[in-house]
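**Student:** The structure that follows is given in the form of structure tokens.
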């Protein structure tokens, strides 16, 4: 423990950039209470688009509000709620990078504890009326109250700290498992943040045991207060099921195994959160709080958190306003979309455009049979969406009406955008555009979904190459949030602006890439695989090479990635990169043999794990130079650093930020690496390989 | 086809607390207030399957913004009524909710609906009287209406002119009385007042539980020196007029058989109603011909009426009514639990407040067989509804 006394909010230095959340207090005399109720509203003065959060100023305001409330006589209940749609979105994330020392982080953790403890230890019953978004420290504030109501229309509830490299350190890790049991708590605190940061909805809280009562949004506050009066007067008894403590060690062990499997324990925050959940079985609240303080201070001072904040801000800011996009005002209206091809990818693209743009989408293929088969696939997908309740009956009917298919390419005549999703070969794509250009208007955007071919070459024979642009979607297109937008030297601003505007309507994060081989994500994943297969070719056993990157916590190991993308595709990419970018992308012969095997290479019983069948193991020829896992890791990271430097030098992207954003959104690279380059920088690899870090301030 | 008329019953009525315009509910949406009333009605009557509601008729005087968009339909949807339940908006200025009640009741009597919700709302904070009006220039060119009659305060001064025996002193005394009667009845009234959340950007949320406007300590001395804002040396003051008010009301109406089928309580039985026009310049006299018309149609006389709920837009207009029917200023049958001068008058919503209040009074007055709810309406109208007390214990 530090020698300084335990901090309260009043000890915290002010944070200049804080949007300070006020804690307004009003006293009510509800019928039947026989005394006063204090209703505290947390409100930062902005509408719901700027959620209230807590920095030192906000903590102080609630501290003082509680001082005032506690001085009241005849007080029978204290309730906390938020401004419309927002309860409290947690600690102010902008504040975190300004913490200059571990002591400051510790003080912030202690101050939150000291404040919330007052709600927990209050002799007057305390209530949280969770009317809307309650994240992190906001959720924890509610957990400290003696009772909770939740609006069934609330969204954005949970403890997402682990996703940004922290732990719920204002009591969440200790209260929640003791409230709802460690299994559900581990799901909320660790499982959900590592599962694309899944949030809870208002209707989840009562079934999970987190809230005691739920009320509809229409008169949530009135009904909450009425309920609170009944609880405070003893008319309504709140019963909570006993937490099963016998399962505690087994649940923790299981959760540790899951975190190991999922991210190979690379997330320091996840590991630390599990430690705290384990502690919560036996620790007193005070012991648990102290452990949270230490964990929070450690993590805030650590590299993963800094990288996570960088990544968080990247996704939030750059993800919304792509760098290099021309003025959105130049974008053309898209009233009809053509998709060339009616295969699986084309069908997915057609459905996505129909769902998001809500304009007619027409697919074509070589003959009527293929076209109708493609259409049947899309219709079946719409049926599935409707059956799962993902789309309403009316919207499903609209989608069915919007998507059509034909063998006759004249249907493109009135399209404003035609995107090709045909076989990944330059000649084929050139032929497609040559056939289409005379049919469409001069204004119609021509878009290629190539994953790495030269867009410039594709447009070489076009009469109007200025309306050609690349939009590289990732498979499965409905799920993967990234699209790489590729302009050639000839692409005009209106076309490029339209591509970005379309990406936004498709709800994709767009990252611009120069027209260089494999663009951003595939080039770096290609380089990663090239180094791994290179190590294997040289003599490293697959079992060693495959786990070499585990400590980074990438979403999948290299061979699982190969299994996912498909060996033929990977081999195709490998050859293509070898031709375009040279011998640092060697044409791995082991990869070639696997791609050409003609029998199952991956063990179907371990689907998704990239495990080779016994037969396939016979294909692997190892050279004489075996590397250790550590050496493979170093080789891969150096390769990646070298490739990033090449990409920056070639102008593939204006800065390393776009690379990180693309790797996060397109390849699922974790926040705790900051995507890629913050990790390479902090490990010194950037400087060792290319002479300087990639990010100026990292 | 069954062409017999059915009995229409008033099942239940609720209202929000009434707030002073510009204060308690200044930042509260009007639609949210009436939604709260509808939801409260449904909660108070759990025997009513919401899908059985055949109509939602809601009134507002200014039907724009949060009082527009066909409030009857939007509020029904937002209140969580099934989408199959229709709704519409209705306007007769101050008698909006009263007209909503008479309209749906006629349809219930004529077997077109079994159950309906009627009510009204007015946020005078956000929709002050006259907002967005565009009077036809012929009103002036052809001298159809004195333009001053568009201001209700002026029409009240006109009534004092017309009936000089209604002095300011009588008006003041009436106002003091209604404040006292409200104060004495506030606990009983609260049974039909739902709570209402109200937010203030500066102060945060509160949950209103009580009317904001009443001045229980009002004295003759206090009223004597108030300004007369509508005319120099006039007689109408803020103390003898209903204040500018925010509030909403709603009630549940049914035919007698359906009410019995669903076990819904019968608080009042509708006898009949009438609306009548008078000079816009003396719109406050509207209740007189409306009441005469309604009584005549019902075959009743004023002596049959045991309780009067008359909307107190102005004291002078109540006194004109009482004088006409030869009823004393302090007759205990008139507004026995206080009126709009105390509680407030959120224009289009007041009609249902009168009914809800009369229903409660009926319950404690089994000796009374008939009561009326009546009110004056801007631009020269009056509306009167006659109700029968189901608790009546006397000889019929």
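Please read every residue number as a count from 1 along the shown chain.
Yeah, the Cβs are placed from backbone N, Cα and C, and that goes for glycine too.
Residues annotated as domain 'Thiolase N-terminal' in TrEMBL: B:8-256. Annotated active site, acyl-thioester intermediate per TrEMBL: B:94, in sequence order. For B:267-388, the entry in TrEMBL reads domain 'Thiolase C-terminal'. What TrEMBL records for B:345, B:376 is active site, proton acceptor.
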**Student:** Based on DSSP, tally up the residues of the domain 'Thiolase C-terminal' (B:267-388) by helix, strand and coil.
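**Tutor:** Once the DSSP states are binned, the domain 'Thiolase C-terminal' (B:267-388) shows 53 helix, 34 strand, 35 coil.
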**Student:** Including all protein chains displayed, how many Cβ atoms other than that of residue B:345 (active site, proton acceptor) lie within 10 Å of its Cβ?
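**Tutor:** So the Cβ neighbour count for residue B:345 (active site, proton acceptor) comes to 27.
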**Student:** Should residue B:94 (active site, acyl-thioester intermediate) be counted as helix, strand, or coil on the basis of DSSP?
**Tutor:** strand
**Student:** Cα of residue B:345 (active site, proton acceptor) to Cα of the residue listed as 'active site, acyl-thioester intermediate': how many Å, rounded?
**Tutor:** 8
**Student:** Rounded to the nearest angstrom, how far is the Cα of residue B:376 (active site, proton acceptor) from the Cα of residue B:94 (active site, acyl-thioester intermediate)?
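**Tutor:** Per the Cα atoms, residue B:94 (active site, acyl-thioester intermediate) and residue B:376 (active site, proton acceptor) stand 7 Å apart.
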**Student:** Inside 10 Å of the Cβ of the residue listed as 'active site, acyl-thioester intermediate', count up the other Cβ atoms and send me the figure.
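**Tutor:** Total other Cβ atoms inside 10 Å, all chains included: 32.
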**Student:** State the mean pLDDT for the domain 'Thiolase C-terminal' (B:267-388).
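**Tutor:** Mean pLDDT for the domain 'Thiolase C-terminal' (B:267-388): 98.
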**Student:** Mind giving me a neighbour count for residue B:376 (active site, proton acceptor)? Other Cβ atoms within 10 Å of its Cβ, every protein chain shown.
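**Tutor:** Total other Cβ atoms inside 10 Å, all chains included: 33.
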